[in-house]
Amino acid sequence: MNLFDSKKKLALAGVLCGLVAVCLAIFGNPANMAFCIACFIRDTAGALGLHQAEVVQYARPEIIGLVLGAFIISLATKEYSSTAGSAPMIRFVLGMVLVIGSLVFLGCPLRMVIRMSAGDLNAWVALIGFILGVGTGVIALKKGFSLGRAYVTHKTNGVVLPALMLSILLLALFTSLLKASESGPGSMHAPLIMSLIGGLIFGALAQKSRMCFAGAIRDVMLMRNFDLMTVIGGLFVVMLIFNIASGRFVFGFNTPGIIAHSQHLWNILGMYAVGFAAVLLGGCPLRQLILAGQGSSDSAVTVLGMFAGAAISHNFGLASSGTALNPETQEVIAGAVTNNGKIALIICIIICFVIAFTNKREGAKS
Amino acid sequence: MKEVDARGLSCPEPLMLAGEALKNTKEPIKVLVTEPHQKVNVEKFAKSRGKTVVSSETEEGFEITIS
């Protein structure tokens, strides 16, 4: 099975992934979140007790499904390859940046596109930052940036993250050890089996189509190649049709209840950091999960960095709050970025610059 | 034949290195990559530039000859 050999197949993969997100939104996932890598890693980190924010704790089967879906399809189609050794600790730190930036904006690039399709203008503003971040990463690549080579390792290395994900699933199914929110976004979810199947399908399609939100923009900038953009386009169109048809399309900035805020500068900077870090890593948060599933221990370390970033974000108050409606007074309470979040984000951007311009490919001019 | 060793590098480095090599020589080039998706990416990239591609599997990944 090859989805990568024609634009029609790539668009179809995007459409199918969009339909998965639509189903999950209909059956209980938070409105306008549907399928968000950063939010769901944050929820899973909460379920494991890595942070204590009670409203965002739930072992999201979508994350487990994504990794296992990519693992199974890559084994079945002989694309599984156990590799490791390309700057693991730098990748860990960049993984933290991905989630800290995402939680300042309130969503990963996938959720940004989902929010854009629902008319949330804050997400369109954040897109500016994401494009600029990817662009900065592209400049670094042109100047010879590289995190160095990964090497083929024993096959069992690449199985570790999928096995850990399977363990979380088993804990969720057969024990009461994991934390689960009773209110807030963490309490809103589609039935476990549906989320798991959705994740498996999404993971398999993302693996075969190479879906990557940062890669889509990067490839257009670097090579005028629109292949990955076609996948994202397919997903966007399906979500747009769904949102309009179901009356969920709300065009504007202050839209209570969708977990977003309207601090434009910080929306831009949040996604700037995510776009920048994603290009340095060779892929967006979704792509890191998929690469980890197909055997990359370097991406698995990045995923661990994302979990650490999520824990830090909620333990130290870095995550922003969403615009909400006071149920009694019907007054709109504007969401906001915290001071800690602003400082952390600036540090994240500085770290990206240091990494980008101190890690050069063999033979590249310094 | 010029050899581009892109084994183990993250995306899009294999494509950038292959593109650079193609720009600098009219001779056929050989590109080495580790992962199947990188092989597909390089093949597609070369074909989009009107090149002929022959690939084979090696012990450490794939060898793609572009002419």
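A Cβ is built for glycine as well, from the same backbone N, Cα and C atoms used for every other residue.
TrEMBL entries are annotated by machine, without manual review.
Among the residue ranges A:57-76, A:157-176, the one that TrEMBL annotates as transmembrane segment is A:157-176. Put simply, of A:89-112, A:157-176, A:265-286, A:298-319, the stretch with the most CB pairs closer than 8 A to the transmembrane segment (A:124-145) is A:265-286. When each of A:157-176, A:226-245, A:265-286 is scored by its Cβ pairs under 8 Å to the transmembrane segment (A:89-112), the top-ranked stretch turns out to be A:265-286. Counting only same-chain residues 6+ beyond the ends of the transmembrane segment (A:157-176), those with a CB under 8 A from a CB of the stretch are 44, 47-48, 59, 61, 63-64, 67-68, 71, 80-84, 192, 196, 292-297, 300, 303.
Through the fold, the transmembrane segment (A:226-245) approaches residues 4, 7, 10-15, 17-19, 21-22, 25, 34, 113-114, 116-119, 209-213, 215-217, 219-220 of its own chain, all at least 6 residues removed from its boundaries and within a Cβ separation under 8 Å.
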